[in-house]
Structure formats: C-alpha cells, structure tokens
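Here is the structure we will look at.
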Amino acid sequence: MTRPKIVAILGPTATGKSSLAILLAKKCGGEIISADSRQVYRGLDIATGKVTEEEMNGIPHHLLDVAHPQEQFTVADFVHLGEKAIAHILKREKVPIIAGGTGFYIEALIDGALFPHVPPNEELRAELEKLSAQELVKRLAELDATRLETVDTKNKVRLIRAIEIAETLGSVPAVARGEKYDPLRIGLDMPDDELRESIKARTEERARCGMFDEAKTLFENSLSYERMNALGLEYRILAQWLKGEISKEDALKRIAVADWQYAKRQRTWFKRDARIEWYHPNEKDAVIKRVSRFLQSTQSADSVDSME
RNA sequence: GCGUCGGUGGCAGAGUGGUCAAAUGCAGCGGACUGUAAAUCCGCCGGGCGUAGCCCUACGGGGGUUCAAAUCCCUCCCGGCGCA
C-alpha cells in the first residue's frame, strides 16, 4: 500500500508561508492544515498573523481556531486533530498542505511521532515546579536513569515532563516513529537583513490592523496577563503595554526583536532536518513546479528527485 | 562664569587602590528540544590565537602619585543639575 503524499511548507516566521500555501493549494487542489501553535486559539488573530477569510481565497483551512485561549493546547492535540484533518482531505481526494512554523508540531505529525500516552498532570507539575532543577534531576535519577542521560538537566520543563511520564509508566519510552505519509518538505527562508525587514514591516502592519485593540479585547475577555505572557512573543509584550509598563512604540520595537529571536530558534530547529528543500519566497514558480512533480511522481521516484 | 554630580564594554548599569577584560540585565551570535514548543533551556559575547590557556588594547583625553589605578591627585574635553 502506498503512503499518501502530503506537502509541508515550513520555515521561520515572516517568510510568507501562508500565502504560498494558498497559492499552492489553488494550483494543485489542496487544503491547508495550519501548523502554528498559537493560531489554534480563537481570538488570537492579528498578532499571530492568522489568515483572513478573504486571504484564504476559498481554500479550506484546518487547525485554526480549534482551542480556547485559556486552555492548554499541546502537540498531542495537534497530531490528533492533524491526522483527522489529513484523513478528511485525502477522502476528498485533495492534497493536504501543512503550512506553519511550529517545527515540533510538523515533525510530530509528519513523522508520525508516537508520544507516550501520558496527559499532563497539573497537580504533579505544580508540586514539581517548586523544586530546583537539581532536585528534579535527583528525582528522575531514581525513576529512569536512562532518560536522565538525554534530558537537559538544567531545563525544569523537560525534567518535569520526564518525571511525569516515568511516574505513570515506570520509565520514559523512546519515541516511536510511524511512516504514515510520504511527505515533501518545502522550506522558505531568506537572508537575515531581508527577514529582519520583513518582520519589522509586518509588525507595523499588524499595529495598523488593530493588534493593540485585540490585546485589550482579549484582556477584557479575561485572558490574564499571566496567560498572555505564556503565549509569548507579541502577546507577552502586549501584556506589558496593557499594564502600562511600556509605550506602544517600545512595544513595536520589542516585538520585532522577539520575532527575530523566534525566527532564529525556528531556523535552528529546521536546520537539522536535511530532508527540507529550501527556497526563497520569491521562487514561487520553482516551488509549484517542484510540488507538482512530487505529486505526479511514484513513491520511489521521489526519493531520487529529492537527491538533486 | 562659579558650584556640584557624573563620564565604565553595542546599550543600561555595578565596581571606587591589587583577587578586573571588569558583576548583572538587554541586545548580538551559536546550540538544545519525547504532550507548555507561542514556551523552556544551554554556551559564547573587547580584539587576536593552537580558546580549561596565552598575547595585545582597555574603564572620556592628557599628565602624575604608587610596587600596583576603572578606582587617588592635577589638567583638559563632554553631559546633568544648582547658582548667577
């Protein structure tokens, strides 16, 4: 049985993934699955750069607005919903196009990463949170010495999660990979100065489109400063503005900086995946050509193509 | 013009005779990543090199005191404040 072909458009923020994905969907009969950890939340629209109904241009988008901003959405939710969406799209004989910048989500979905079935245990987390990283290491050592070898022993988030899994399963199982799909990974990126410029322009554009008002509305709808801080990037900074700690002007500057740092983190993540084929956002035709070749190819032929 | 406080690394800001290439934060660069991945975490960060070390140049400019100065003295330049 051949695995279904799917296309992923990924890369750092502000490189035009969304619009290229829409163009691609138009050309090859696709539907889009957004892979953005914050666009899954309702109401986080302008600051996350969520595509508007109009921009969608009739192309169905999945995994947008599927969670309440007060709730915690996780990779597991993403994979679950993503697989469902892919199945539906395939049933309609359309091409699933995953588009977004959350590398962890994309990898988990595409590579069929099977995470241990241990949902977050809030009480345990709250309790462990009080401990120092050192104490957490000690605790994990008693539970699972093997996992201890690979975790970042300074990172409490990782340690707590490892302990959480080990406490319920006895140990932390290795992540299994299931080869469910036949993916083509298209990466979009550009030179530093160009990307910085793009981020800056985009931030200003969002300010014009009511980013500040959106933050205010979210707060009035009881999205706490704390939650905004956790949602990161622009929301973290917008919360500072709402609290009166910084001016709008400062906020814009800081957002551009935060986005740039984020873009670099994304690059670091994607860099290690040699299967990604990189393009400049301008190379639309080349991407379209590449994708249609991929879609027409037979399974094995494609692995040859990607060696070029 | 007089008085006064101050001028420290890209920025902010400690340090006020030796342990200082100089705390800390930010920015910058690199990296990690098993259900918070928006988050979280780590390394580097005056310059040079063979980077657990060595060399050079450094705390506004110049001069001096001292075995030794970012730290004390003199002088000049610049900024804030006060008085004229």
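Glycine is no exception: its Cβ is also placed from the backbone N, Cα and C atoms.
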If I go by TrEMBL, the feature region 'Interaction with substrate tRNA' sits on one of A:36-39, A:100-103, A:152-155. Which?
A:36-39
Report, as numbers and ranges, which residues of the same chain sit near the region 'Interaction with substrate tRNA' (A:36-39): CB under 8 Å and 6 or more residues beyond its ends.
48-50, 63-65, 73, 78, 100-102, 105, 231-233, 235
Kindly state the mean pLDDT of the region 'Interaction with substrate tRNA' (A:36-39) in the predicted structure.
96
Near ATP: residues not in A:GLY11, A:PRO12, A:THR13, A:ALA14, A:THR15, A:GLY16, A:LYS17, A:SER18 with Cβ within 8 Å of the site Cβ centroid are A:GLY101, A:LEU188, A:PRO281
Winner by Cβ contact number (other Cβ atoms within 10 Å) across the binding-site residues A:GLY11, A:PRO12, A:GLY16
A:GLY11
